[in-house]
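Feature annotation from Swiss-Prot assigns domain 'Guanylate kinase-like' to 6-192. The ATP binding site annotation in Swiss-Prot covers Ala13, Pro14, Ser15, Gly16, Ala17, Gly18, Lys19, Thr20.
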Amino acid sequence: MTHITGTLYIISAPSGAGKTSLVKALMDAQQEPQHGAQAKIRVSVSHTTRAMRPGEVNGVNYNFVDRAEFVRMIEHGDFLEQAEVFGNLYGTSQSHLQQTLDEGHDLILEIDWQGARQVRAQMPQARSIFILPPTQQALRQRLTNRGQDSDEIIEARMREAVSEMSHYNEYEYVVVNDDFAGALEDLKAIFRANRLTQQHQQEQYSELFQELLA
């Protein structure tokens, strides 16, 4: 039986661009009956030292650990990548990521541009997607509408967003989240197209190809 290895997808975006909502909608869509056996996308659960927010579940949204535990994991070489964002540490478990790909699942890794660089250096075969807001004003409005942060923090997030967006040209694909439904279809199209590459089809239909060319 042919073994199919999953594909790693790096998805980055400034805070407020809608990355989390788009990824959730993508995951929800693959549960629809018409997707059938093709539904095999997973989302990587990162480790972080930041405080848990209302509604979040440990092990589902993030693996929440204290800074001492995070540093210990760095020293043990447990992370494929790690970064510090707004004073909080984030990291991706190397062993869990590889296990998921070896099981044939496509895996989404939601990380910033710094983490993306680290991952691409070690896994150049990974696909990369950057999500942009339609305008800076739209981004600011989305951050304000969250009602989670003070004006000072929103300004800091806007500065960070501009810095993050300046790295969009390091990614293979760019999705502009102006219309949510349209952006979701763009995201789905990237995943569908990648499954139709010659290499992926060769893995999935190797016996068929051998028969056709016999």
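For all residues, glycine too, the Cβ spot is worked out from N, Cα and C.
On the structure: features taken from Swiss-Prot.
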residue	record	CB count, 10 Å
Ala13	ATP binding site	26
Pro14	ATP binding site	27
Ser15	ATP binding site	21
Gly16	ATP binding site	22
Ala17	ATP binding site	26
Gly18	ATP binding site	22
Lys19	ATP binding site	21
Thr20	ATP binding site	16
Practice task
Using the recorded ATP site (Ala13, Pro14, Ser15, Gly16, Ala17, Gly18, Lys19, Thr20) as reference, state which further residues of the same chain have their Cβ within 8 Å of the centre of those residues' Cβ atoms, listed in sequence order.
Solution key: Ile131, Pro133, Leu139, Arg142, Asn177
Problem - Three-class DSSP secondary structure - Thr20 (ATP binding site) - result: helix
